[in-house]
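Visitor: Here you go, one structure.
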Amino acid sequence: MLAARRMASTLSAKAAPALSSVSASVSSPVPSASSPAASSPLALPVSATHGALTFELLARCSTTRARASLLTLPHGPVQLPVFMPVATQASLKGLTPAQLADTSCRLCLNNTYHLGLKPGQDVLDAAGGAHAFQGWQHNLLTDSGGFQMVSLLQLATITEEGVQFLSPHDGRPMLLTPEHSISLQNSIGSDIAMQLDDVLVTTSPDTARMQAAMERSVRWLDRCLAAHAIPERQNLFCIIQGGLDIELRRTCTREMLARDTPGIAIGGLSGGEAKADFCRVVAAVTELLPPLKPRYVMGIGYPEDLVVSTALGADMFDCVWPTRTARFGNAITRHGMLNIKHQRYADDFGPIEDGCGCQCCRPSPEDPQSGRPAITRAFVHHNASKETVAAHLLTMHNVWYQLDLMRSLREAILADRFPARVREFFAGLYPKGPADYPDWAVDALAGVGLNLRE
Ligand SMILES: [Zn+2]
């Protein structure tokens with residue numbers, strides 16, 4: 001159980017920031033952390049090695065803050081910007097590891113809270129970590145476990161020591177400390193581990209509590225860094241908190257940057273705040289971040305959010321939505337969502353989405369000349385309400401859609417035609433034209449020089 005493995009010896013306060021050594025192989029001058037990303041005179045490509053990762057910045061959009069990079073982690077390279085599917089219980093619901101790899105996914109999430117409960121740390125240690133346990137040869141990122149406790153367990157309370165909660169199995173009081181979260185993530189062996197942070201919903205009106213949570217998250221990062229046993233093969237990312245208060249976010253960013261972690265996450269968003277507020281926070285934080293570290297905006301996955309956040313200078317995203325919505329019969333397409341359960345698809349022998357390269361939409365391998373897809377909408381419709389195969393097929397398609405969207409953004413950044421790709425994306429989603437585009441997206445993109453309504 002979680003509490004049973006708590007490492008009491010690491011509970012003593014270790015206030016000094018554990019500055020990890022930087023073995024930078026920077027081949028060009030690096031702008032200061034405060035210089036706007038779009039205006040710095042960085043000659044590309046340029047790379048830096050830090051902790052257990054190498055980050056190579058390959059291209060930057062000449063209009064927005066979008067970047068294309070190569071992130072090399074212990075289990076291989078990952079092309080950024082990237083969407084990371086969420087395999088909560090060490091499996092992506094509906095896909096085998098081989099099917100997930102076939103979507104070109106090279107980095108997915110596991111959930112520390114769930115794996116800490118079952119199979120538990122002893123089994124993970126005996127298996128040699130989560131990669132071996134789940135048969136996944138590519139990269140893994142784990143959350144700290146704290147967010148799940150606060151969001152899933154009504155009785156979770158947060159003290160300076162950690163997150164207290166009642167075991168969902170037997171109701172016993174338990175405690176997740178920063179040290180225990182790191183110990184669990186060390187056993188999981190993820191390529192990227194996340195610090196335990198004090199997360200509040202962004203819409204909380206309690207400004208004093210929001211500031212306290214931000215400051216506590218900084219103290220907990222110090223405890224996580226002190227407890228981290230395998231920095232040479234696992235990257236620990238900080239998480240910037242501060243709610244929707246831009247000054248709190250800036251203060252937190254400065255504090256976190258001083259701890260010099262290999263990568264940086266922006267946390268606490270996607271919690272019901274207005275999209276305009278979300279964009280304001282992401283833009284304010286990315287403006288302060290150094291160019292040669294990966295930037296991860298946690299918990300977002302709607303295609304529009306991915307496109308806009310990429311334009312604002314973020315590199316990595318995750319969300320359960322694309323795979324969860326597949327289980328409700330929904331296919332994500334460039335023209336929006338289709339619910340394949342609808343009767344209109346009963347005799348539709350086209351692919352889930354025209355032009356999609358996923359295993360379902362590709363030409364039928366049985367009869368490649370026929371023009372028929374491997375899987376038709378009619379077949380998915382037929383199974384959607386009664387057989388799990390429909391959920392598997394839609395999951396395969398949706399994960400492919402998300403990764404392919406990010407691949408297209410990356411290719412556009414590399415060719416310096418990102419603004420045109422963004423226009424094409426919104427035109428596909430809103431066929432009636434720019435008047436239909438959401439104001440929050442138009443405003444956020446205008447803030448980085450891309451006017452969609454021009
Ligand atoms: Zn498809």
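Cβ atoms here come from the backbone N, Cα and C positions, even for glycine.
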Visitor: Quick check on the annotation: TrEMBL has Asp143, Ser144, Gly145, Gly146, Phe147, Asp197, Gly268 binding substrate, so which of Gln99, Gln234, Gln241 does it put in that site too?
Guide: Gln241
Visitor: Looking at the candidate ranges 73-77, 178-182, 323-327, 383-387, report the one that TrEMBL labels region 'RNA binding'.
Guide: 323-327
Visitor: Looking at TrEMBL, Cys356, Cys358, Cys361 are annotated for Zn(2+). Which of His228, His335, His392, His397 sits in that same site?
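Guide: So the Zn(2+) site in TrEMBL includes Cys356, Cys358, Cys361 plus, from the candidates His228, His335, His392, His397, His397.
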Visitor: Which binding-site residues, if any, among Gly145, Gly268, Cys356, Cys358, Cys361, His397 have a Cβ under 6 Å from ligand 1, given in order along the chain?
Guide: Cys356, Cys358, Cys361, His397
Visitor: Between Cys356 (Zn(2+) binding site) and Asp318 (active site, nucleophile), what is the CA-CA distance rounded to a whole number of Å?
Guide: 21
Visitor: List the same-chain residues at least 6 positions away in sequence whose Cβ sits under 8 Å from the Cβ of Gly268 (substrate binding site), in sequence order, or say none.
Guide: Asp197, Val199, Leu200, Val201, Thr202, Ile239, Gln241, Gly242, Gly243, Met298
Visitor: At the level of the C-alpha atoms, what whole-angstrom distance separates Cys361 (Zn(2+) binding site) and Gly145 (substrate binding site)?
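Guide: On Cα coordinates alone, these residues lie 36 Å apart.
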Visitor: Can you grab the distance from Asp318 (active site, nucleophile) over to Asp143 (active site, proton acceptor)? Cα atoms, rounded to a whole Å.
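Guide: Asp143 (active site, proton acceptor) has its Cα 11 Å from the Cα of Asp318 (active site, nucleophile).
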